[in-house]
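> Sharing the feature lines straight out of TrEMBL:
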- 67-118: region 'Disordered' (REGION)
- 70-85: compositional bias 'Low complexity' (COMPBIAS)
- 95-107: compositional bias 'Basic residues' (COMPBIAS)
- 130-151: region 'Disordered' (REGION)
- 135-149: compositional bias 'Acidic residues' (COMPBIAS)
- 149-209: domain 'TRAM' (DOMAIN)
- Q420, Y453, D475, D525: S-adenosyl-L-methionine binding site (BINDING)
- C552: active site (ACT_SITE)
Amino acid sequence: MRFGAIRVFSKGPSLGTFSKTSASLRYSSQSYSTRFCFTTSTGVKMASTSAPAAAGGGEGVQQIDSYKLQHQQQKQQTGKRPFQNGQGGGGKGGRGGKFKKKGKKAKPPAEGGHDEVLRLDIEALMAKSRNEAAEGAEGEEAAAEEENLPEQGSEVLVEVVALSSTGDGLAKMKGSDRIYVVPFAVPGDMVTVKAYRHEETHTVADFISVVDPSPLRDDSRIQCKYFSKCSGCQFQMLDYAEQLRIKRETVVKAYKNFSQLTPELVPEILDTIGSPLQYNYRTKLTPHFDGPWNNPRRGPKKHLESCPPIGFTPKSARKVMDIEDCPIATPAVRKGLTAERERMKTEFSKYSNGATILLRESTIRVPAGGEAPSDIPSDAVVVRTPGYTDYKTHITDNNATSTEYVDDFIFTNPAGSFFQNNNSILSPFTQYVRDHILPPANKEGIKYLIDAYSGSGLFTITQSALFPGGSIGIDIAEGSIAYARKNAKLNNLDEGQCKFIAADAPELFKSVEGYNPDETVVVLDPPRKGCDASFLSQLLRFGPRRVVYVSCNVHTQARDVGVLVRGEVEGVVDNTEETDGTERKKTRYEIESLRGFDFFPQTAHVEGVAVLNRVEER
């Protein structure tokens, strides 16, 4: 537990040690025995107390007050707050974290987010270590060991034994079960790391260098000079086939950890489909820069006095890292980055605050034999095919219109809005959905497509030819729907073939009362947080014949697919009778297939496609 800057651990026999058993502090008339860890300018000091837990005073409370006083004295002396869970001192950009005020509750980790995924991977590795230790002890109960932890900022040698779905390596020191979370490392690597924060279950560390490389590592594959500093990529040292294998395993673990389904209900995860381009694929970048430090909130503000670093936040600090080039971006976007950096050399003094720079690729397509428009920028990237010539440029205005092609389909969007950032994979991706959106048997029985979370119409438009009854897309963003309607017209689709409505996803089912569920497919492509309980409940009540769930977060996808397979939404009370009083059939789904798509090579990210069929039972 935490009390201001104080952390409570279970009592151990000596100073400077950490017990693997979790702390327990009882608020009652009984005695408690604890060890208080507080921060000084020289390091972590430990002190044991034994006092009654009576409210309103006692030796234990006085001891806490003395630690608070020492913390305040240190802050007055150094002008700096102590590092969280570690050493004292640390200026702007340090790795120690912010001091938390007494009584302020930390936000719970986002469900299916980075912290929760990392926690589950750490717990799985700890459980594996305990099982191996128990087998080695031949059934005898092993006593909780205590070990010295490295001081914050010290360098230690660790071996990476596993890889988290976050892309971080999970490592151990020789002779220790303590887990170190290490970026830019893969199983089999022996690496030097710098410990900077001790958590109850693990230590977070910075990557320093490789001492003995894993057989999986080949640093000659790395194409970016900022790799292992910039936080954008994690896997450039790996063969691409190995990256795809790792991403398949990410999907496997997602359904193991989040679906709450028994193994027999989850089919074998299919191989991850790779990107045609492993570099030069990102059609959007958003580099940024910091403004003048310590600008006043009110009154005149200082302007930048020199050109600031322009780039991205590194893995091990808060200050922006200056980045001249990004090899995973398309050539047009890379040219845009160069141009914006040159512009800032003469315009930096206009800025009193930091800012984000938009770089979005846009395409002008000219049929073969046609004449190119006269206003095409001189630095446009030219791509020629037998049927057409594409002129690829970059846009920096968030409100300007960008144009993108997926096969022969055309899509326009505000440059600052969301659209898939890897154009090279969109053709095989939409073709895969097209090949699996209809059931293998009785395809002729499907007439309608409902595209929930449709955005500017990627699936509604590219799949519309398969549905004689028409396709309908819904999105909460009215701006996206306006562009979706525009895109339908650009692709010569009338409203009978393809229409869009602006509303929250749960309102969708009020608009499709004429659709027969037996003749309907629903495509889901929600944001990273997944679908909410209300939407899933209404989807189950509507009960479409088939569901194709596309997701940029396979962990929340696994959670939602588990709900559909069980046919029950926790916390939502649903009427089990039809309006005529007859018993309503329970609707649930079975998984036909699960597969990942690699939209972002060189990173740990993987997208998922789940195909489900309705199962009816009383």
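Here the Cβ of each residue, glycine as well, is placed from N, Cα and C on the backbone.
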> When the number of other CB atoms within 10 A of each residue's CB is tallied over all shown chains, which of the binding-site residues D475, D525 has the maximum?
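Of the binding-site residues D475, D525, the highest Cβ count within 10 Å belongs to D475.
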> Compute the mean position of the Cβ atoms of Q420, Y453, D475, D525, which form the recorded S-adenosyl-L-methionine site, and then list in sequence order the other residues of that chain whose Cβ is within 8 Å of it.
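Filtered neighbour residues, in order: F418, D451, S454, G455, L458, F459, P526, V550.
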> Measuring Cα to Cα, tell me the gap between C552 (active site) and D475 (S-adenosyl-L-methionine binding site) in whole angstrom.
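Roughly 17 Å, rounded to the nearest whole number.
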> Inside 10 Å of the Cβ of Q420 (S-adenosyl-L-methionine binding site), count up the other Cβ atoms and send me the figure.
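Around the Cβ of Q420 (S-adenosyl-L-methionine binding site), 20 other Cβ atoms lie within 10 Å.
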> As a quick check of your reading of DSSP, tell me how many residues in the domain 'TRAM' (149-209) are helical, how many are strand and how many are coil.
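Split by secondary structure, the domain 'TRAM' (149-209) comes out as 0 helix, 34 strand, 27 coil.
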> Can you give the largest Cα to Cα distance in Å, as a whole number, for the residues Q420, Y453, D475, D525 that bind S-adenosyl-L-methionine in the record?
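Across Q420, Y453, D475, D525, the two farthest Cα atoms sit 16 Å apart.
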